[in-house]
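Notes for the one structure printed next.
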Amino acid sequence: MPVSRVKVKNRHLKKKTKKPLAFYKPATKFAGAVLIAGTLTTTHELLLQQTSPMVQAATNSSEVFIESIAASAKPVADANGLYPSVMIAQAILESNWGSSQLSRAPYYNLFGIQGTYQGKSVVFKTQEYLNGKWVTKDMPFRVYPSFNQSFQDNAYVLKTTNFGNGPYYAKAWRANAATYQDATAALTGRYATDPSYGASLNRIISQYNLTRFDGASSAGNTNSGGSTTTITNNNSGTNSSSTTYTVKSGDTLWGISQRYGISVAQIQSANNLKSTIIYIGQKLVLTGSASSTNSGGSNNSASTTPTTSVTPAKPTSQTTVKVKSGDTLWALSVKYKTSIAQLKSWNHLSSDTIYIGQNLIVSQSAAASNPSTGSGSTATNNSNSTSSNSNASIHKVVKGDTLWGLSQKSGSPIASIKAWNHLSSDTILIGQYLRIK
C-alpha cells in the first residue's frame with residue numbers, strides 16, 4: 001500500500017498509537033484553538049474517511065491544482081499581509097492536494113476548520129490525541145461556497161486569533177517574517193504540532209516554485225498606496241485626466257472606483273483586467289475627466305487627492321421574509337412576482353438551496369442618484385478644480401468590526417452594505433474598504 005503524505009508527516013506519532021485503518025489523518029492542529037463564529041475552533045487531529053489509498057497527483061495535475069487555488073489564495077494573502085506561497089502550501093498539505101473529501105465540492109474546506117459557515121456544516125469523524133490515546137469524535141466542519149471563502153476564513157484565523165497575549169500567529173505575518181521560511185517556522189508548533197510541519201511546507205514551496213505568487217508584496221510592506229495624476233487640456237474646456245494608482249492592502253476595484261468616481265468596468269478596461277483580482281503594489285491607470293477654466297493648450301502635471309465618488313442606487317424599500325418549511329425560490333418568486341435570478345442576486349445566493357429560518361429579500365425598489373465626480377488638485381499653474389462631496393461613506397475595516405456592527409453604526413441594512421460592496425458572505429477582512437452609507 002502506498003505511504004500517504006500524512007503518514008510521513010506524522011511519523012513521530014507511530015510509537016504512541018496505531019493509526020486506525022478507517023481514517024485518513026492530515027496535519028495535527030493546535031489542541032487549544034477553536035474556530036467558532038470567526039475565532040479558532042478545536043481541531044487537534046482531523047481524520048477523513050477514505051475509500052482508497054491517496055497518492056499525490058502527477059506533476060501536471062499538481063500544477064493545475066496550484067493554479068486553481070492561487071487565484072483565490074494570492075489576493076486574500078496579500079490583503080492580509082501574509083505570504084501567498086505559504087498559504088498555498090498549507091492548502092496543499094492540509095487537503096492532500098485537494099483529494100481529501102472535506103476539501104472537495106460541495107464542502108471546499110481546505111484547512112479543516114470546524115464550526116459552521118453561514119449556517120452550513122458537515123459532520124466528519126475526527127481523532128484527537130488526548131491523554132496518550134486517540135479519541136474518535138463526530139465533529140461539524142464548515143462548508144464554504146468556494147475555495148475563496150475557505151482562504152478568507154484561514155486568513156481570518158491567522159490575523160485575529162488571540163489568547164490574551166497578543167495575536168497568536170503574528171510571527172507568521174509578512175511584517176514580522178523576513179522570509180517565507182520564517183513564516184513557516186512560526187506556524188510550526190502553533191498552527192500544527194507536527195515538528196516537521198514547517199519543513200513540509202518549505203519543501204512544497206521550493207519544489208513547485210510557489211514564491212512566484214509572492215509577487216510585488218514584500219515583508220513588512222508599508223506601502224500606503226497613492227496616485228499621481230497627469231491632466232491634459234484639450235482646448236475645449238475639459239481636462240482629460242489619467243491617474244496612476246498604486247494598490248495597497250485592503251484595496252478592491254469596487255472601493256477604488258467609489259473613491260475616484262469611476263466604474264469598475266472603466267478600471268478593468270483601462271488596465272486590460274479580465275477579472276476583479278488586483279495585487280498589492282500593482283499600478284492601475286484610472287482615467288476620467290474634470291472641468292476646468294483653462295483655455296490654453298497647456299499640459300499640467302499635478303498630484304491629486306480624490307474627494308468625490310459615485311453614489312450608486314440606494315434601496316428605498318425592501319421586503320424580507322423568513323423561510324418556512326415548504327418554501328422554495330420558485331414559490332417565492334411566483335408569490336412576490338419576481339424571478340428566481342433576482343432573488344438570488346438580492347440575497348447573494350450561489351445555489352437554489354434555502355434554509356428554514358433564513359431571512360430573504362423578496363422585493364426591493366431603488367432610486368437612482370446622479371453621479372458626481374471631481375478632485376481637488378494642486379497644479380503648477382495654481383488653479384484648483386472644484387469638487388462636490390458624495391453621500392457615500394467609506395470605512396476601513398479594523399479589528400473587531402462585523403457587518404452587524406457597521407450596520408448599527410451607519411444605520412444601513414446589512415443587505416445594503418453587502419450589495420454596495422459586492423459581498424457574497426458576511427466575512428470581512430481587516431484593512432478592507434467598505435461603503436457603509
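Here the Cβ of each residue, glycine as well, is placed from N, Cα and C on the backbone.
Feature list (source: Swiss-Prot):
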type: DOMAIN; residues: 243-286; note: domain 'LysM 1'
type: COMPBIAS; residues: 290-317; note: compositional bias 'Low complexity'
type: DOMAIN; residues: 319-362; note: domain 'LysM 2'
type: DOMAIN; residues: 393-436; note: domain 'LysM 3'
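Residue counts for the domain 'LysM 2' (319-362) under DSSP, split into helix (H, G, I), strand (E, B) and coil, are 15 helix, 8 strand, 21 coil. With DSSP classes pooled into helix, strand and coil, the tally for the domain 'LysM 3' (393-436) is 15 helix, 6 strand, 23 coil. For the domain 'LysM 1' (243-286), the DSSP-based tally of helix, strand and coil residues reads 15 helix, 8 strand, 21 coil. Taken as a whole, the domain 'LysM 1' (243-286) shows an average pLDDT of 78 in this prediction.
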